[in-house]
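Contents: one structure, followed by commentary.
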């Protein structure tokens, strides 16, 4: 029975034991009324689970003060005793029943097992899984779990199992924000389970003498007395965070609250019932509990502190390499033979101990606040570690000095000296004992896991020195096989990196370094403070080399991961079917593969598949994959198998038609029709049979002299040719029997003719009996006949003429031996009636089928297609998205995936989508309203998706739309849906996720359908769901009205459903939308609420969870988590559950809090997290059963807890930027994550659409973390948490989910800023620190270089450019470069060239380009990949990737240094609107423009003062990558801005920019006033700490270097190198500021009323300035060029002063200086803006650049038919629609 037709269950009133009125509304199954006629209640396992809850409560002591009745069950019993909310009880009852029923259904039951009872093993397994974390927590704290379970298998054990799991679920369901603190829930559960045991044991309360009742009971007692107090603590701490701006060390986040329960003090402090007087609840600073477990400190040192082993390795090798290279030998092993070098290498141990000291100092400096009376040993260990590290430094230094002392005294390496070396090595051995022990445990990982997971105190004491004992991060080692795989990977990477670094980075710099050090007393061009040495020059020479040395391991990782990823991809059989053409060749095997993977394996009934069965499956998969044998023959021989495949394939094609990515014509060409017309072969889709019949005719003509066997053998080489010939023959035979009246002479002649042909074929005499040359003529006449039959008005005479012509050809011309009329009559091949013979043959024998016989005409059109089609059908389907989907789906079926179980035995799962206030459906006005260029969203979509728009209009016409202009009236909803399904809207996501429900219903039907059901059903679908005669391949435009049936779900396999499919699908799948603001939107009457209601109305499995605010008083507000659905019978939205929250939902980050409140309404064993910019397709939903089976397999030593799923980006065709972003994202979500999962074993959770083991995560903190700011990248922390808690993350590429990405530069930049800031916060987090220390060395390397390390190394790339250019500037301005030019070798520039070239390779996007090319090669072919790469370069992809480099660097660095990470809403709309210059300046001034101008000034100054710059080639070779970076950072916002080089827009932008600069309004937004924006840009400096401010000031001091270097170069200095020259130059700055102050004072005082005085002051100041300049020109060596050159000196100084003043703002803002600084800053921003505007204006003025830019930006859209010139100019003559 369909759920939509379900009767409302009625309540019986007035009965003696009747329960009180219960809510009729239910979520999935009506447990409150088991007599309801509901599909799921027909399932015995559901009834058994519900009965188990009822019967288990029969003989329990009833709660006092409650009228107990038979309608209540065990969950109600717990709710009454412990004060749980009623709706929480209802929710968790359904949760438990559903899970137990699903688990029982999956169980391989024996015949002896009762059907109506839950098997004890099911409940036991669930209890173990649900309470495993609680049991581990008890073991960790040395407490005995309060689970009293006997070994007897009796009813009491079953009841206790039920009680324990129910209690946990009830606690979890009402815990609200405490669900982020899993061990806090364990603490609560521990005590409530103890109270439960006391009730079960009938304990007597010592205080009252009555039976024990929990002290916390009554209505809402659990919420008010347990949850609310702890919630209020979290809320208070969040308030202390000042909205996340306070230092993390100043307040407790979720992790701190949770980790308080990792020590036994929680039992002493909190007690039970919870002691509100505990200092845990204190708010004053001196009494409150501080940070727990970890203190997040904002410093760059966290990179070293968390990943110290990486830096130790790099620094020690660098030191060793320099020592070896310094000897000047050609190869390092030659130097290592020298004893001096060997001894010098021992200094690495001094460095190593120094790094240990640094680590201990950093630990103490950042974590000292953790030390308290209870954690005194932590402080002791901090001190001891520092002391021990210092001791080792002293020991090694003394021993090392003694070696050289002995050697020097002996004059050679004597025995005494060698003995000293041995002593040193013994000390080294003691020093590295911990490392040797770690190595042994690395080789034997199971021993390490055993030690870490065992909670023995003796083991804790033994490991106390090495790390703090914590609950997570234990037993993280992988198995030996995985160890070997990722160890070999990293050995190869490190060997390549260190070889390259030695020979091409370090060794070439040794000679220049020696030359510089040997350069005695160089002639400096300025005042040099240390003029006896060139160490400063050497430092500037080496710093960029060292930075690249520290960074380029990232490059080597990219190279090797690309290669390994390619190999794994090839072995995974990715890209074997790359296009439709390749699918054509393997379609028969594809059909068998689909059956093999999607049809349940009926043979495999045992829990553990036998080895023989697995082997048989593997062999069968190999046959399918490589085309061995003919497995498709099985389908052909079994009509049921063929029909089953046809049902699935046709459903896939129908969904594509519903999505409008194929047309009606393509639908007919691609569907696989049911077997009819007595056709003997599989009727493959028409697009596979194109040209096959014509080829067969050609072969028959060519081989007319051969044998029948030879010709048939030739045709059978191609399966499609064989099928096309047989189908055409059978169809023609059936057609003649259909159009010629039965029992006529003509019917007899035709039957006799076909019988004779059949006989000749059977006897292999066909070629001998007939002329093959006549076949083309017969073919032509047959085509003519079919065309006549397909005409709307049939002409009988023409049909008769064609039939007579066919008769003449077939009977008289076709046979080799001509027969007389008499012979023909004798053989029954000619009419016996002489009147018929005289010319009336067929005239009275033709009967036309009924025009409404859709089935007949559909088959006739197919026959015509087979007879006439040529190569044109190679382009079917035409839509690129349809081709991509079909190719991927067909390829995936040849990949390794688990066999699918029956739907009833599959894992149940839910999908959860968080939603805030984004677009649900595009509104009519938003689609029609034009932007400033006159372009509407709909017009843009029509051009981007031109073919899909045509398909949509075709579908609307077929559904009754008579005029295209009616689209806005009669089909407005369909139009809005069509547009919304092409954007990043909620409706698109819901449509995609509901394909799961649709797929499960179909698969449930196919699982249970009999052969009769399938055969008969396919015929019903064909007759009911086919297109009408006038809507097929020739009906469009025929002029007749089209009244065909709608193409909707009723035309699919759903016609065959019997009713149980709905219940089965609802049991297995739930979709919950976490629409946090839905209640608010409903209250306001927002259109989004109406649209969400529409989605619920049309998707019965959709549920919406939202937070409702109930104002119960003037100021009191109650908050509720509410779940609603749309009742199909009541035709309205109904509320299912309303669970009160302890307070406002959002304490931390919004998205995880939203997910957390809705997760209690999800069901099933698995949970897929889907964002609202995602999509799915039906054919991928079919494979979800297979994917969920992965949870049962071991990957390494663990089963998966997160199944990583591949994504495809569907926004890549909108513009070139979208393509770049899509390509970058695709390479990461495929090749990148493939390598992370295998072999590196460090794949985390990077967002959606991963599938979680729901109960595993439910008990361990949820699917994300929510602490304010630190968890701004909330998703990845689920992966961190999973790994730390012993989970396992895998990656699977045989299934994929769609994903939208940002499509405009500003959107992309905001997204990059959010992610980069999130990575900056991750570096501070405890999760990253613990992973850096708890993972083994090689997994730690993998984790570092694929997470925060990649962002840190990106920043190092930019720092390399800075240090290189500042170093060259120092060498040029100081004169060292000139002095060294003649004396030093060219190796200096060679080495630096290598360094900068490396940086350039990184800069143009090697991090993303190489993986992108490799993955593209695997999946699409090498030539396609190369072409795509070249096209991207021509579209300036390198410009974009270099610009992104700057974005990531700026926000990552600023976040680590100062904080300021925040959520940045990017908006997910389409970008065709021009962004004004002022907006671009606000976004990129600090992150890109200022930095680019700084580098440009350095390059300019260097070019004018460096002797090397006179050699143009050398200068270009050394600085080209730097100039490229400057150009990229300045020009990218305009190159990728629509109409960016339009001259008129540039002029308007300049005016708008100047208005913005000079606007002085009060309380205005940043986009209106420069001053507001300027203050907002400094917000991060207000929240940063002391060290952040100091470092900022130190970095800002670099701008004073310009002045110092240039003033000595001015002619007025006359070669004087005294420090006084520099000091006197400051008079210039003082004079400039004085002039500015005078002019400002005069303007404020005289400009308004005494204008003449103001002009007089201006004249006087100008005259004085001119007079001073003239005097200087006359009486000093000043020249005019000095005035220009000095600008390059003093303008940077002014900028440096402004930056330092911003840091010192708290001290300066109240002084008179501040206004002057603000005014100066305004002038500087105006000047910087004009500098950026100059190249923009020049390119806008030059002809052709606008057209070129448009082509670059929208090239991809061009190839999709986008008339971009019309779009951007607003000339849209066809905007009627």
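Including glycine, each Cβ sits where the backbone N, Cα and C put it.
Remember, TrEMBL labels are computer predictions, not curated facts.
On a predicted model such as this, the values are computed, not experimentally measured, just so you know.
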From 1554-1573, 1654-1673, the residue range that TrEMBL assigns the feature transmembrane segment: 1654-1673
Of 456-472, 507-523, 575-591, 592-608, the range TrEMBL labels transmembrane segment: 456-472
Which range of 1488-1511, 1680-1703 is transmembrane segment, per TrEMBL: 1680-1703
Whether the transmembrane segment (310-326) meets the transmembrane segment (484-504): three or more C-beta pairs under 8 angstroms: yes
Other parts of the chain folded back onto the transmembrane segment (456-472), taken as Cβ under 8 Å at six or more residues beyond its ends: 136-137, 140, 183, 259, 262, 293, 377-378, 381, 434, 1281, 1284-1285, 1330, 1333-1334
Averaged pLDDT score, the domain '1,3-beta-glucan synthase component FKS1-like' (159-275): 91
Positions on the same chain near the transmembrane segment (555-574), where near means CB under 8 A and six or more residues out: 489, 492-493, 496-497, 500, 625, 891, 894-896, 1230-1232, 1234-1235, 1238-1239, 1293, 1345-1346, 1398, 1401-1402, 1406-1407, 1410-1411, 1414-1415, 1417-1419
Secondary structure composition of the domain '1,3-beta-glucan synthase component FKS1-like' (159-275) [DSSP: H/G/I, E/B, coil]: 78 helix, 2 strand, 37 coil
Spatial neighbours of the transmembrane segment (382-401) far in sequence, C-beta under 8 Å, 6+ residues away: 346-347, 349-350, 353-354, 356-357, 359-361, 363-364, 367-368, 371, 420, 423-424, 427, 431
Positions on the same chain near the transmembrane segment (1513-1536), where near means CB under 8 A and six or more residues out: 1216-1217, 1304-1306, 1361, 1364-1365, 1368, 1389, 1392-1393, 1396-1397, 1399-1400, 1403-1404, 1436, 1438-1440, 1442-1443, 1445-1446, 1475, 1480, 1483-1484, 1488-1489, 1491-1493, 1495-1496, 1499, 1502-1503, 1506, 1732, 1735-1736, 1739, 1749, 1752-1753
Chain residues outside the transmembrane segment (1351-1373) and at least six past its termini with a C-beta under 8 angstroms from it: 303, 525-526, 536-537, 540-541, 543-544, 547-548, 550-551, 553-554, 1316, 1319-1320, 1323, 1345, 1380, 1392, 1395-1396, 1399, 1402-1403, 1407, 1445-1446, 1448-1449, 1452-1453, 1495, 1498-1499, 1501-1502, 1505-1509, 1518-1519, 1521-1522, 1525, 1598, 1601, 1605-1606, 1608-1609
Long-range environment of the transmembrane segment (1723-1742) - Cβ separation under 8 angstroms, sequence gap at least 6: 1477, 1481, 1485, 1489-1490, 1493, 1530-1531, 1534, 1540-1543, 1545-1546, 1549-1550, 1553-1554, 1557, 1570, 1574, 1691, 1694-1695, 1698
